[in-house]
Amino acid sequence: MERVYNFSAGPAVLPVPVLEKVQRELLSYNGSGMSVMELSHRSELFQNILDDAESLIRELMEIPENYKVLFLQGGASLQFDMVPMNLANGKKAAYVNTGSWAKKAISEAKKIQGVEVEVIASSEDRNFSYIPEIPTVSSDAAYLHVTTNNTIEGTAMFDVPDSAVPVVADMSSNILSSVYDVKKFGLIYAGAQKNIGPAGLTLVIVREDLIGQVEGLPSMLDFKVQAENDSMYNTPPTFAIYVAKLVFEWIKEQGGVAGIEALNRKKAALLYNYIDQSDFFSSPVEPSARSLTNVPFVTNSAEFDKAFVQEAEANGFKNLKGHRSVGGMRASLYNAFPIEGVEALIAFMEKFANARKGGEVRV
């Protein structure tokens, strides 16, 4: 079956070689006569998968030994609660508000009893079209929470501020797509369904000294319990971890995160350059803050936007509709998205624009 160009913001496109390997191994993994989905999580076969996945992500992100790597469940949304529960410890928590997901993290932290949330910077005044300057964080704060890529609004934070307190980062939509120095962070978390693998897995990278600060937490929500049990306090998402391991292998073959970032910059530059020179399409994001992985764009008409999404869908360009909260279009160019798809999209955009410059709307 012919593949389409899938611009979904998540779950998102996976590398074809990974999907092909999953297909080959689906009925019998490693000659076992069992699918990965059927393996006991306590078996040697799965333990090897888990160990390999951790080893690979440590290599790809250059994770120091004094950080734990956890393969959890509940999505990044559960980390909105786990982070303040485990790290706040009666102190103030500083947050930067750069978009919809940051707002949700802030909202959830405020629900945790005993946690005082301070929003120290925000770009909401201009519809989250830029990354705000982050002031010095008080040393009596428990942590500083940032969102490195704002999936809905299409902005990214590439320069992480130096901070006297641990920096916590939601990297869900640009982990492994840009190089970050893990040592600058106290904790990194990311839902898997954009650059890592299938939905259902959450990656957490946490510095050891931040674990076990709060006693009496529910076991499933306690980083200490999860770390002491090597991500297997309960049955982990075994199939998602297996696919993640294959994706990590694929990234390594592409030249690691640095190689992936170079390709991502080429893909994003192609699309942004076309949008910027177009007199039909435009970007709502300030150039200095533009994401490499999520590219929103609009026409000057909601009717044209609707027509574009419908015709794009009919021509094999799937999931280009912008998030319901912002409208317009959004092209998500995650690691596995091919540069040929960007080139094909640009050609389609040019054709669409030329046909509409006289004011015609075709649906």
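Cβ atoms here come from the backbone N, Cα and C positions, even for glycine.
Copied over from Swiss-Prot:
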- Arg42: L-glutamate binding site (BINDING)
- Ala76, Ser77, Trp101, Thr151, Asp170, Gln193, Asn234, Thr235: pyridoxal 5'-phosphate binding site (BINDING)
- Lys194: N6-(pyridoxal phosphate)lysine (MOD_RES)
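Shown here: features listed in Swiss-Prot, placed on the structure.
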residue	record	DSSP class
Arg42	L-glutamate binding site	coil
Ala76	pyridoxal 5'-phosphate binding site	helix
Trp101	pyridoxal 5'-phosphate binding site	helix
Thr151	pyridoxal 5'-phosphate binding site	coil
Asp170	pyridoxal 5'-phosphate binding site	strand
Gln193	pyridoxal 5'-phosphate binding site	coil
Asn234	pyridoxal 5'-phosphate binding site	coil
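With respect to their backbone Cα atoms, Thr151 (pyridoxal 5'-phosphate binding site) and the residue listed as 'N6-(pyridoxal phosphate)lysine' stand 10 Å from each other.
All protein chains considered, the CB of Ser77 (pyridoxal 5'-phosphate binding site) has 15 other CB atoms within 10 Å. Geometry remark: Trp101 (pyridoxal 5'-phosphate binding site) versus Lys194 (N6-(pyridoxal phosphate)lysine), CA distance 15 Å. Neighbour counts of Cβ atoms within 10 Å were compared across the recorded positions Arg42, Lys194; the minimum falls on Arg42.
Distance between Cα atoms for the residue listed as 'N6-(pyridoxal phosphate)lysine' and Ala76 (pyridoxal 5'-phosphate binding site): 12 Å, as a whole number. Between the C-alpha atoms of Asn234 (pyridoxal 5'-phosphate binding site) and Arg42 (L-glutamate binding site), the distance comes to 11 Å. Counting in whole angstrom, Gln193 (pyridoxal 5'-phosphate binding site) lies 25 from the residue listed as 'L-glutamate binding site' by their C-alpha atoms. Considering only the binding-site residues Ala76, Ser77, Asp170, Thr235, the residues lying within 10 A of Arg42 (L-glutamate binding site) on a C-alpha to C-alpha basis are Thr235.
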